[in-house]
Ligand code: ADP
Ligand code: TRP
């Protein structure tokens, strides 16, 4: 039997090349090899978006983005997380076997705490909802970017704990992380993130791409000076496009004789060439939102059936059903 792959992205902003190269392109590459579930993590998005109209818009945009990168609804079950409310029920059950000290060790929570942010209960519990997403569909593998590694570990721990307490129920999922991609830097040098306003949008216009690349900070080395490619954020983005050109560029960095302006110009060309066909396809798809909504609805039916199957076993095991 085919193994199950599951992953999701939050509809919280503009999808960027970090999302694509770190995670989303794997959703396209694997769709012939796995039974695949891909969703829009809109319950998770609620931990950072508190504007209904905005969330609705971002969700529709992300659904179009998924289709534009090549997710094929004939091969992939594409759906909205909240169309399967069973996942929140499972998260609640997991909450009852999860301790506060355990969740307090999660990076996202610790980071927010360190910055003295007011952490909502939802943000604190984020990894448990994510565990429910993964386990309810019996995922074998979960392709994500490096920053999600800990969340997959929490899902694994949660499956093991449930199985220990209530008997064998859940598969233990494995992450798929493209180690060579690492974390793509944003235009301010931090991790590229929808929430930092530092992205190169996956569907950005030529002008937006130019502006974003030109704003990446570099050091003050002159053209002739030798440069360490591993210290350069511009080069880190070149590396998303491996090949002869990138290797030649690496050699030029080390030898000296290339300035950051030229490196940025080359990068702009590469990104525009890469983004243009997807951008055109996206425009076409965006012209028929009814078709997009229909795909999500059909996906939700398939996903929900699967989740309900899992939940009837879970409800029985924990004793919520009376006979
Ligand atoms: P963001 O931080 O941009 O809001 P999400 O948290 O929605 O992104 O992440 C969606 C997927 O993209 C996840 O699998 C995540 O690991 C991956 N991802 C996000 N940002 C990056 C990045 N800068 N580099 C590599 N992968 C990333
Ligand atoms: N937390 C993930 C992110 O920020 C999104 C997500 C939610 C997810 N549930 C998931 C990813 C389940 C993989 C599997 O990117």
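Cβ atoms are placed via backbone N, Cα and C, with glycine included.
What TrEMBL lists as ATP binding site is 10, 11, 12, 18, 19, 145, 146, 147, 184, 191, 192, 193, 194, 195. Residue 192 (ATP binding site): 25 other CB atoms within 10 A of its CB, across all protein chains.
The L-tryptophan binding site annotation in TrEMBL covers 133. The number of other CB atoms found within 10 A of the CB of residue 133 (L-tryptophan binding site), across every protein chain shown, is 27.
When averaged over the motif ''HIGH' region' (11-19), pLDDT in the model lands at 96. The motif ''HIGH' region' annotation in TrEMBL covers 11-19.
The feature motif ''KMSKS' region' is assigned by TrEMBL to 191-195.
Cα spacing between residue 10 (ATP binding site) and residue 133 (L-tryptophan binding site): 13 Å, rounded to the nearest whole number. A distance of 21 Å separates the Cα atom of residue 194 (ATP binding site) from that of residue 133 (L-tryptophan binding site).
Secondary structure of the motif ''HIGH' region' (11-19), assigned with DSSP and counted as helix (H, G, I), strand (E, B) and coil, comes to 3 helix, 1 strand, 5 coil. Considering only the residues assigned to ATP binding, 10, 11, 12, 18, 19, 145, 146, 147, 184, 191, 192, 193, 194, 195, the longest pairwise Cα distance works out to 19 Å. Taking a Cβ cut-off of under 6 Å from any atom of ligand 2, the binding-site residues 10, 12, 194 reduce to 10. Taking the Cα atom of each, residue 19 (ATP binding site) and residue 133 (L-tryptophan binding site) are about 19 angstrom apart.
Considering only the binding-site residues 12, 19, the Cβ with the fewest other Cβ atoms within 10 Å is that of 12.
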